[in-house]
Each structure stands twice: as C-alpha cells, then as structure tokens.
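One structure is given here, and the rest of the page talks about it.
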Amino acid sequence: MNEVVIPSVLLDVPVSAAPVHKQNLLDLDREGLEHFFADTLGEARYRAHQVMKWIHHRYVTDFDQMTDLGKALRAKLHQHAEVLVPNVVFDKPSTDGTHKWLLAMGTDGKNAIETVYIPDKGRGTLCVSSQVGCGLNCTFCSTATQGFNRNLTTAEIIGQVWVAARHLGNVPHQQRRLTNVVMMGMGEPLMNFDNVVRAMSVMRDDLGYGLASKRVTLSTSGLVPMIDRLATESDVSLAVSLHAANDVLRESLVPLNKKYPIAELMESCARYLRGNKKRDSVTFEYTLMKGINDQPEHARQLARLMRQFDNAVQSKDAGKVNLIPFNPFPGTRYERSGETEIRAFQKILLDAQVLTMVRRTRGDDIDAACGQLKGQVMDRTRRQAEFRRTLEGQADRDAAA
C-alpha cells in the first residue's frame, strides 16, 4: 500500500472554528431565559432573573456592567449570548406630547418600523408594531399600502418597549411613565402569534415591565381561529378593528371579512370573554370616514350588533365602541367625518345604551396618528430617501469615531 504523505505546509494551515451562534436574550421570556441559563450555561435559574432585571429595569445591555454576576458567568454570557436592541434611526416629538421612533430592523438597513408613545392624564400608552408592513390590505390604512415584508421577532417587538421605556426614564414599580401597551402599530399581531404572545409575557412579567394584563391590549382585524387560540394562552385585553356592522360594507374596508364574516367574528369574541374570566369586555374600533360608514343607519346597525353581543355574553357593556376619526394619508380616497357627524353617530350609540368613546386624534403632525404608521419597506415608501440619508450619516460618524 502506498503511503500518503501530507505536506507539512498543509498541517500548518489553521482550521477556522464554526462561528458560535449567540442567543439574543431579548428573544426570551422568563421561562425561555431560565432554560437558557440552566441548559446552555449550566447556571442556576435565578441568574436569569437577575439578568432580566438588568435588561428591562435598568436598560443595561453590556454583561460587564451587570455587577452582581460573577466574572466566570459574564464570560459565558459573552461567549453564548448578546442583547441586541433596535437601532433608533430618528425620533420625532409632536406638539401634543406624542413621540414617535423610527427603528431599524435587522442588519441590512432595508426595514424599519414605527413605535409611538402617547401621554395622557395619569397614563402613558405605547403603540407597538408586530410586523414590517401588513398583508391584510385594509383599504383605509396607510400601512396596508406598502404590503407585507416579514414578521418581527420577539426581540424586535419587546425592543420597542425597551427603547421607549429607556427614553422615558421608566422604572417599573417605582417611576412608571409607561402604563399601557397596545399592539395596534404596524401589522396584524395574530399573524405573528408566537412572537407577540412571548413579547406580551415579558411586558406583563414583574421581572420585565410589570404591566397588568388589562393594560396590555391586542388589536386584531379578526382572525377567528387565532382569537380562539389567544383565549387559551393569554388574558390580555382584546380589541377588534370592526369599522362596519354589515358584511357588505366591512368586506370593502377589511377584506379579511370575506373569510371570517361578522357573525363568526362576534362569536369568537364572545368565546374569548367566556374563556377569560379576568376580561369583561371587548373594544370594537370603528374608524369614521365621510360618507362611507358614518351615516345614522350605520350607527343603528352597530348599536344592534353591540346589543346582540351583550346578550351572547350575558353581560351588559360586554361590547364597547371606540370611534376613531379617520386620519388622512397621501393617496387615500377617504376623508375624515365632520365633527357634527361624529357626535351624531356617538349620540345614537349612547341613546341605545352602548358605551362609546371618541378617540382624540394625537400625533397627526408627525404621521403618528392611528392608521398613519408606515415604516420603510425596501424602496416603497416616501421616507426611504430620508431613512437612507440618516443611516449613511450614522455610518460616517461611526467611521470617523
């Protein structure tokens, strides 16, 4: 047998080790973090609790600054983990106190989403996105015009809360400036179910942001099977984008209604309340558009639907209505209803004993009002040039540093 001789030069060539995958700890809720510490790091589970507090209470992302962790544990974390938060491309305050952040998603600089903070008397609400874009094609929504790109990760969802809470100086259980979170930003939350539910778990965890379940609201256009699943996995407040009380009109506004018509949607909402004893009502959102869905007959149809819902749940005020004046955006064919029509619509509902509120328009001077959220997706938005200039400017500053 011939002997195979390996040239010595080949023996000297270093073999590059496979890159170690690092776990972004923002992707994990308490249970996931406990498993990571026990199974991957071989550490006690309580260490996960310490790290959660550092990340979500003190907004620390550098393991070396987590001073109650031993040197050996910090070395393990550097090797196996990281804390990656969204990059703030720019932030805009509104004249009414509303604040909007444009956050870059991913490392390629092609995707971004918007997050909005809305202060009010005694409360501060953060509107959080769940997807880059949206694929449901609701005809009156700005986000729908850009199409759907992808789901956000858990880290990208909870990262929005992290960015806002850090900016606000929020201290859970002490100096709470962020009191409510609404999953009403870009995207349909129930189409990104697992990541959204995991992120909401961190929002409600005392080691996270410590929000009561009733102060976290998920808004859906009406994916009936996922509403049923949500009832078994979470007890957050539920809001439904209704916008019409008859199927013909709703199908023209919310195409999803063709698959899940109003009767099926209302039945699933009733099941949600029956299976969730901590929740006693569902909020039905109704965007008022001039000459489209703001006539007295539309109000009477909505009043009848709410009474039927109360009867199905066997509870008064099980259905609450939130009237939203339409917020115009470039290219839309819809107009906002006049103040007279809005008040007349509300009066019909109130006279029918339907608990009804009119949402005050906030942040429309910075395109942060409801329905105006529209982050960059590839090359399809009017702010793409500004987005790219900002990123290029940041890169130049980093290179010069």
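Keep in mind that glycine also has a Cβ here, set from the backbone N, Cα and C atoms.
Using a 10 Å radius centred on the Cβ of GLU114 (active site, proton acceptor) and all shown protein chains, the other Cβ atoms total 26. What Swiss-Prot lists as active site, proton acceptor is GLU114.
The disulfide bond annotation in Swiss-Prot covers CYS127-CYS370. Annotation note: CYS127 (disulfide bond) sits in a strand segment as assigned by DSSP.
According to Swiss-Prot, the [4Fe-4S] cluster binding site annotation covers CYS134, CYS138, CYS141. CYS138 ([4Fe-4S] cluster binding site) counts 21 other C-beta atoms within 10 Å of its own C-beta, drawing on all protein chains shown.
Same-chain residues at least 6 positions away in sequence with a Cβ under 8 Å from that of HIS243 (S-adenosyl-L-methionine binding site) are, in sequence order, CYS138, PHE140, ARG250, LEU253, VAL254, GLU285, TYR286, THR287, ASN293. Per Swiss-Prot, the feature S-adenosyl-L-methionine binding site maps to GLY187, GLU188, SER219, SER241, LEU242, HIS243, ASN327.
For CYS370, the entry in Swiss-Prot reads active site, S-methylcysteine intermediate.
Taking the Cα of ASN327 (S-adenosyl-L-methionine binding site) as the reference point, the closest of the recorded positions GLU114, CYS127, CYS134, CYS141 is CYS141. Counting every protein chain shown, the Cβ of ASN327 (S-adenosyl-L-methionine binding site) has 23 other Cβ atoms within 10 Å.
Closest to GLU114 (active site, proton acceptor) in space, going by CA atoms and restricting to the binding-site residues CYS134, SER219, SER241, is CYS134.
GLY187 (S-adenosyl-L-methionine binding site) sits 12 Å from CYS127 (disulfide bond), taking the Cα positions as reference. Residues near LEU242 (S-adenosyl-L-methionine binding site) in space but far in sequence (CB under 8 A, at least 6 apart, same chain), listed by position: ARG250, ILE262, PHE284, GLU285, TYR286, LEU302. In space, CYS127 is the closest of the recorded positions CYS127, CYS134, CYS141 to SER219 (S-adenosyl-L-methionine binding site), judged by Cα positions.
The Cβ neighbour count for CYS134 ([4Fe-4S] cluster binding site), using a 10 Å radius and every protein chain shown, is 27.
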